[in-house]
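Trainee: The structure is given below, and queries will be raised subsequently.
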Amino acid sequence: FPIPLPFCWLCRTLIKRIQAVVPKGVLLKAVAQVCHVVPLPVGGICQCLAERYIVICLNMLLDRTLPQLVCGLVLRCSS
């Protein structure tokens, strides 16, 4: 059964507020740290991919997808 609309609105609003507080630079550094943990040949590839594509992916995910995806999965909210 779907969750009432006010809860879905509250969920999306809350996630957007959290996104506003957590700078994207912090997330980029966290991804870069993961690349340092993996073995060297893969780590170099990981670092290269992170530098080129993580900004694009984070912008897309955080700005558009994340609130609707999380609230849809957790609360079964429609888009």
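Backbone N, Cα and C define each Cβ position, glycine as well.
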Trainee: So C77 is in a disulfide according to Swiss-Prot. Which of these is its partner: C8, C11?
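Mentor: Disulfide pairing in Swiss-Prot: C77 with C8.
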Trainee: I'd like to know which of the disulfide-bonded residues C11, C35, C46 sit within 10 A of C77 (disulfide bond) at the Cα level.
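Mentor: Within 10 Å of C77 (disulfide bond): C11.
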Trainee: Using a 10 Å cut-off, grab the number of neighbouring Cβ atoms around the Cβ of C71 (disulfide bond), all chains included.
Mentor: 23
